[in-house]
Amino acid sequence: MKTLLLSLVVVTIVCLDLGYTLTCLICPEKYCNKVHTCLNGEKICFKKYDQRKLLGKRYIRGCADTCPVRKPREIVECCSTDKCNH
């Protein structure tokens, strides 16, 4: 019985994902569904876009270790849950 219990504990530990990796969206379109697994240490999803009236909005999405710095005429949104940068 102890052997069975020990085997179940070992299988459970091996099958569990003990680490957590953030996933963020990464496409340049307004509506996005391409998912990217962030690197270790990247704990932020971001979405940047600028307000160019003639050319429309240009989107940049991805993972980062900190929220990117905003440039003039640019909007930056940051979040920290999976696929939150929609």
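Cβ atoms here come from the backbone N, Cα and C positions, even for glycine.
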* According to Swiss-Prot, the disulfide-paired cysteine of Cys24 among Cys15, Cys32, Cys45 -> Cys45
* Structure fact -> Cα nearest Cys79 (disulfide bond) among disulfide-bonded residues (Cys24, Cys27, Cys32, Cys45) -> Cys45
* May I ask you to report the DSSP-based helix, strand or coil state of Cys78 (disulfide bond)? => strand
